[in-house]
Amino acid sequence: MTLHRAPSLWSSPRRSPRGMCCLITMLAALLATTNAFPFLFPRVQPRINWTQPELAEWVIEEQPRSIHPHLELTHHPNRTNSEPSDSDAEFLERLRAIKTNRTATGRMLWYDAAAGDGLVYPPFVDKALKLLNLKQVAYEIENSVMSKVTCTACKAGAGMLQHQIQSGKSDEEIMRLIAEYCTNLNIQSARVCQGVSQLFGSELIYVLKRVNLTPDELCSFVIGDGCSDVYNPYHEWEVIFPPVPKPPRLADLPIPLEAAPFFKVLHISDTHYDPHYVEGSNAECNEPLCCRLSSGRPANPNAAAGKWGDYRKCDTPKRTVDNMLAHIAETHKDIDYILWTGDLPPHDVWNQTKEENLAIIKETVKQMVEKFPGIPIFPALGNHESAPVNSFPPPYVNQVDISINWLYDELDNQWRRWLPQSVSHTVRRGAFYSVLVRPGFRIISMNMNYCNNKNWWLLLNSTDPATELQWFIYELQSAEFSNEKVHVIGHIPPGHSDCLKVWSRNFYKIISRYESTITAQFYGHTHYDEFEMFYDPHDLNHPNSIAYIGPSVSPYYDLNPGYRIYYVDGDHDSTTRLVIDHESWIMNLKEANLYGYPIWYKLYTARAAFNMKALRPSDWHNLLNDLTNNQELFELYYKYYWKNSPARPTCDAECKKRMICDCKSGRSHDRKHFCTDVESKIDEESSKSWKSWFYRGLSNSGEETTKEGSAFNTETTTDNNNWGSVDFIIVNIGG
C-alpha cells in the first residue's frame, strides 16, 4: 500500500457516550476470556486484501472564501461589564426568600457514592470481570483516562473480533454473539446491549475487514500513549507548509488597552438536550443515561430525577435549556456574537437514529434563533451529532448507506441562517468553515471529529481526513498575508486524549507556525471549566497559544450547568484581538431542585480570581506555575473546574498532576514531553507534606512523653537535632 502524505498548499491535492463505542471491544475481550485467550497477541496475522480508497480531487485554492466582514457592529449605550455577583450571604438570603414563597415541593439530591453500582455478579462472571478488570476499563474509557488495563482488554477484544471475522462468521452472527454476552453477563441492560451491537458492530466489522493491522497496532492507534507507542507507517503523515518564512516572534504579546472597545461573546457548549427527560423518574438506572420514563421507577425518593436536572447520569431537560437561554437573553443584552461548540443530542448512544438527531439539531437551532434574533452565531460540530456517536466517515467513504452527507447537508441548511453563502462548500465537504467577522478578524471553525480516535473510519486512512488541516494552513496563510487575526473554534480540544496523536501533532505544528495570527482557541467536549496551553515545539519556555475549554450546559455528570462570557479586544487601531477577560456562569442544581427555581450567577472572573494582569499565553503559563506551587490556589481552580459542584470528589496528588498536565499538554498523548517537571514538583511538595505530618506526629508524641517524665527528660535535645534525626529515619525508610 502506498502512503499518501498531505498535499502541498499550491499543488493539486491528493486525498489520502463517551465510551460506548468501545463497549464492543470490552465484550469481545470477555469472549476472549472464555476461550482461553488464544488471540491476544498473534505474532503472524493473515494478510487482508485491501486497496487504498479512491480519493476525490478537491482543489483548495479554487474554493470561494469569506472576504467581506460578516458582523455589523451594534451600538450598546453605556455598556460596561456585568455587575459583581452577590456575596455568599446575599446569595443565601435570596435562596431563603425563594424558599419562603415556593409553591413546588423541593427535592434534595443526595448521591451515596459508597453504595456502589448495586450490581451482584455470578461467580463465573465475577472471575471474568476480575481477570480483565472490565469495571476499571469501563471507567477509563468513559473518562478518557487510559491505562494498561484498558490496553490489555482492547488487544484481547480486537484479536477476538479479527478471529471471528477471519473464521468466516457473518456480521449478523458476530453482532448477535456480542449482544448475547453483553446481556448474559449483565454488563448492560438487554436493550442497551442490543442497540450497541447493532449500531456500532456493523461499522466496526466493516472497518476491521478492510485494515491489515495487528491488535497491538489497533489499540495503540485508538488508545495512544496508554497502550505503548507502536510505530505504524500507514498512520504517520505530515502536513506541508508553504515556502513562506515565519514572522519574527515577539518576546511577549502586548497587553490589551484598558477602556478600549471590546466584543462581548457568549460561549455555549455541550447542551445535550434530552427531550425524554422526566422529573421523578429513576436517576440511578444501570444504563449510560437515566432520568427517563424508560429508566423505570426510582427505588426511593432520593433516586428520583430532579425538576431541573440531576447530578447523576442524566442530561438536560428542556425547561432548563429554556430557562438558561431566557436568563442569558435578559442578563446579557449586549452580546455581539455567540460561539456554539457542539454536542446537542443526549447520551442515549445505544438508541439514536439519524432522524432523531437531526430533529434535535433543528429544534435547538430554532431555540437559538428565537432567543437571540439578529445575533451572529458561529457553530462547531460535536461528536454526538452523528448516529452512531463518533462516526464521521471521510469524504472518500461515499456509499449512500454509510456516507456522512445526511448530516453535513443538513448542517449547511441550518447554519446558513448565520453564515455567509461562501462557506457552504466546506460545510458540506467536512463541516468546517472560515468567516471574516470584522475587518482584520476571522473565525475558523474546525471539525475536530477528524482527530477523534473513537472514529473507527480513521483506521482506514488517517491522513488529513477531508484535507481539513491543509485547508486550515491555506486559510491561516491567507490571513497572515492580509494581516488578519484568527480565533479557532471546535469541539474536542486538540490536546485531549480523545484526539488522535498524529493529527494533534500536526495541529500543534500549525498553531506554532501561525502563532502571530491565531490569538485564541475555543473548545468544549470535556464538560469541565478548564484550558489548554500551547508552546513552541522547540522551546517549552515559550507559550504561544491558549485554548479556552468552556463548561457544559449538561450536568452529566456530577456537574452544575454552566456557560461562559468572553470579552474580546474590539475594533480600534491597537487591537490585539486577545481575550481581555472571561466569566463563568453557573446554576446550582441542588439548590434549584430544592427551592423549585434556578438562579444563574457569575461563579468567577478569570483575572480577578487568579490575580492575572492579562490573559496572554504567558499569563496562563505563569498561572500554571502558580497552580503547581500554591495548593490553596489550585484548590480554588479545582472548585471552578468542577463548576462548584457539591458532588465533586477530593483531589489527591495524582489528581493534581493529571489536571495540571492536561492544562499544559495542547498536544495529545505526549505527557512525558510536557509533564515531567510538573509531576516532579508536585511529588516533591507531596513528600514535604508527608514529612511535615510525620514531624508533627513525632513532635506531639515527644511532648506527651516528656510530660509523663520519660527518657526524653534525661537529656535536653535541640529541635535541630530532632529534625536531623527524622530526616535520617525517612531516608532509610525510603531506601
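Every residue, even glycine, has its Cβ placed from backbone N, Cα and C.
Database features (TrEMBL):
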type	residues	note
DOMAIN	147-231	domain 'Saposin B-type'
DISULFID	Cys151-Cys227	disulfide bond
DISULFID	Cys154-Cys219	disulfide bond
DISULFID	Cys182-Cys193	disulfide bond
BINDING	Asp270, His272, Asp343, His527	Zn(2+) 1 binding site
DISULFID	Cys285-Cys290	disulfide bond
DISULFID	Cys291-Cys314	disulfide bond
BINDING	Asp343, Asn383, His491, His525	Zn(2+) 2 binding site
DISULFID	Cys451-Cys499	disulfide bond
DISULFID	Cys651-Cys655	disulfide bond
DISULFID	Cys661-Cys675	disulfide bond
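Residue pair Cys291 (disulfide bond) / Cys219 (disulfide bond) shows a Cα separation of 34 Å. Among the recorded positions listed (Cys151, Asp270, Cys651), Cys151 has its Cα nearest to the Cα of Cys193 (disulfide bond). Neighbouring residues of the recorded Zn(2+) 1 site, listed in sequence order and excluding Asp270, His272, Asp343, His527, comprise Ser269, Thr271, Gly382, His384, Gly524, His525, Ser552, Val553, Ser554, Tyr556 (Cβ within 8 Å of the Cβ centroid). Remark: of the disulfide-bonded residues Cys154, Cys193, Cys499, Cys675, the most isolated position is Cys675 (fewest other Cβ atoms within 10 Å of its Cβ). Cα of His527 (Zn(2+) 1 binding site) to Cα of Cys227 (disulfide bond): a distance of 25 Å. The Cα of Asp270 (Zn(2+) 1 binding site) lies closest to that of His525, out of the recorded positions Cys227, Asn383, His525, Cys655. Here the Cα atom of Cys154 (disulfide bond) is found 26 Å from that of Asp343 (Zn(2+) 1 binding site). With helix defined as DSSP H, G or I and strand as E or B, the domain 'Saposin B-type' (147-231) counts 61 helix, 2 strand, 22 coil.
Checking each of the recorded positions Cys219, Cys499, His525, Cys651, Cys655 against Asp343 (Zn(2+) 1 binding site) by C-alpha distance, the shortest gap belongs to His525.
Residues Asp343, Asn383, His491, His525 make up the record's Zn(2+) 2 site, and a Cβ search at 8 Å around their centroid adds Ser269, Asp270, Thr341, Gly342, Leu381, Gly382, His384, Met448, Asn449, Ile492, Gly524 from the same chain. For Cys285 (disulfide bond), the Cβ neighbour count at a 10 Å cut-off comes to 21, with all displayed protein chains included. Counting only residues at least six positions away in the same chain, the Cβ atoms of Cys219, Ile223, Gly226, Cys227, Ser228 sit under 8 Å from the Cβ of Cys151 (disulfide bond). Summary: among the disulfide-bonded residues (Cys182, Cys219, Cys290, Cys655), the fewest other C-beta atoms within 10 A of the C-beta are counted at Cys655.
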